[in-house]
Amino acid sequence: MKILVDENMPYARELFSRLGEVKAVPGRPIPVVQLDDADALMVRSVTKVNESLLAGKPIKFVGTATAGTDHVDEVWLKQAGIGFSAAPGCNAIAVVEYVFSSLLMLAERDGFSLHERTVGIVGVGNVGRRLQARLEVLGIKTLLCDPPRADRGDEGDFRSLDELVQHADILTFHTPLFKDGPYKTLHLADEKLIRSLKPGAILINACRGAVVDNTALLTCLNEGQKLSVVLDVWEGEPELNVELLKKVDIGTPHIAGYTLEGKARGTTQVFEAYSKFIGHEQHVALDTLLPAPEFGRITLHGPLDQPTLKRLVHLVYDVRRDDAPLRKVAGIPGEFDKLRKNYLERREWSSLYVICDDASAASLLCKLGFNAVHHPAR
């Protein structure tokens with residue numbers, strides 16, 4: 001049994017070798033000759049999986065170690081009798097922590113408290129729900145918009161997108177990309193929406209590039225609209241609009257979900273799905289794969305305020321470390337993918353062990369996802 005895996009899937013060789021012969025290959029472009037004798041294909045979002053790639057190939061199963069699936073033609077796979085699995089929620093925590101890192105940086109730069117802001121969350125799936133929960137731990141008001149969930153009668157106080165645009169100081173997108181249909185998200189943030197945002201609003205896109213109309217956004221910024229912008233995803237990736245990058249406050253190369261934990265979850269989820277598919281079901285404990293974190297432990301004295309939270313968050317991950325490299329190489333062919341391929345190891349907040357002498361600080365940090373304990377000062 002031959003299993004092709006994307007060379008940038010951590011732990012893929014280690015895990016899938018339990019099931020058969022493993023061949024690690026580039027994801028973009030994928031070497032199609034390797035598909036001629038392969039039984040399974042494990043990809044990331046950079047690989048377009050469709051009839052033109054797999055027609056006439058012996059592939060029986062495709063797994064994507066990503067939450068999103070718009071790079072996979074699921075309808076054709078089903079028609080072709082090819083098994084499929086994604087990794088929903090695998091990188092949700094990472095994306096939430098990316099958003100926090102960005103917001104805390106902007107808050108420090110511009111001198112505002114997040115408690116004074118209302119956050120509109122568009123798309124309330126694995127990422128949106130977790131983001132809402134962490135914001136509410138800190139007492140930050142959130143507004144939710146998710147028409148599919150609202151129409152299904154899912155639990156939640158869902159509002160219209162127009163209401164979020166009217167009332168939110170921060171608008172952050174966490175939707176799939178639907179190019180048509182009743183829940184179309186292609187250019188959901190179009191020129192009309194962007195122009196309607198509150199003066200001084202913050203716009204964040206960490207889902208799919210085409211959810212925000214990049215041309216319209218650049219037009220509005222060029223005309224001087226007072227707007228802070230955080231973009232992790234871009235229309236036309238791996239190409240991007242260099243002029244837009246120059247205008248945004250934070251620009252990164254589609255790495256919001258790139259924690260070691262998130263990548264490992266993606267790999268283990270598709271590994272478990274494939275092992276079940278072939279009748280050799282196996283389960284993997286994530287903590288048996290992950291290395292010890294860079295920071296063993298730190299001590300926090302006193303209560304948790306926004307500047308202290310910012311220091312803790314940026315100790316684990318400061319979004320500016322990914323903004324600067326992209327600006328240096330933007331526009332050079334191949335460099336966008338190279339930044340992603342050679343991405344420095346990044347951990348989640350749970351990797352940081354925080355000893356607090358303040359009980360309320362320890363409680364808040366635990367609810368936020370840190371590994372925190374309370375030890376009263378002596």
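Every residue gets a Cβ built from N, Cα and C, even glycine.
Features as listed in Swiss-Prot:
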BINDING   Ser45, Thr66, Tyr258  substrate binding site
BINDING   Asp146, Thr175, Asp232, Gly257  NAD(+) binding site
ACT_SITE  Arg208  active site
ACT_SITE  Glu237  active site
ACT_SITE  His254  active site, proton donor
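A map of Swiss-Prot features onto the structure.
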{"residue": "Ser45", "record": "substrate binding site", "Cβ contacts under 8 Å, 6 or more apart": "Thr64, Thr66, Gly68, His71, His254"}
{"residue": "Asp146", "record": "NAD(+) binding site", "Cβ contacts under 8 Å, 6 or more apart": "Val122, Gly123, Val124, Gly125, Gly128, Asp154, Gly156, Phe158"}
{"residue": "Thr175", "record": "NAD(+) binding site", "Cβ contacts under 8 Å, 6 or more apart": "Val122, Gly123, Gly125, Thr185, Leu188, Cys207, Arg208, Val211"}
{"residue": "Asp232", "record": "NAD(+) binding site", "Cβ contacts under 8 Å, 6 or more apart": "Tyr98, Asn205, Ala206, Gly251, Thr252, Pro253, His254, Ile255, Ala256"}
{"residue": "Glu237", "record": "active site", "Cβ contacts under 8 Å, 6 or more apart": "Gly209, His254, Phe336"}
{"residue": "Gly257", "record": "NAD(+) binding site", "Cβ contacts under 8 Å, 6 or more apart": "Thr66, Ala67, Cys90, Asn91, Ala92, Ala94, Val95, Tyr98, Ala206"}
{"residue": "Tyr258", "record": "substrate binding site", "Cβ contacts under 8 Å, 6 or more apart": "Asn91, Ala94, Arg340, Tyr343, Arg346"}
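A sphere of 10 angstroms centred on the C-beta of the residue listed as 'active site, proton donor' encloses 24 other C-beta atoms. Within 8 A of the CB centroid of the substrate site residues Ser45, Thr66, Tyr258, the other residues of that chain are Arg44, Val46, Ala65, Ala67, Gly68, Asn91, His254, Gly257, Lys263, Gly266.
All protein chains considered, the CB of Thr66 (substrate binding site) has 25 other CB atoms within 10 Å.
Within 10 Å of the C-beta of Arg208 (active site) we count 25 further C-beta atoms, all protein chains included.
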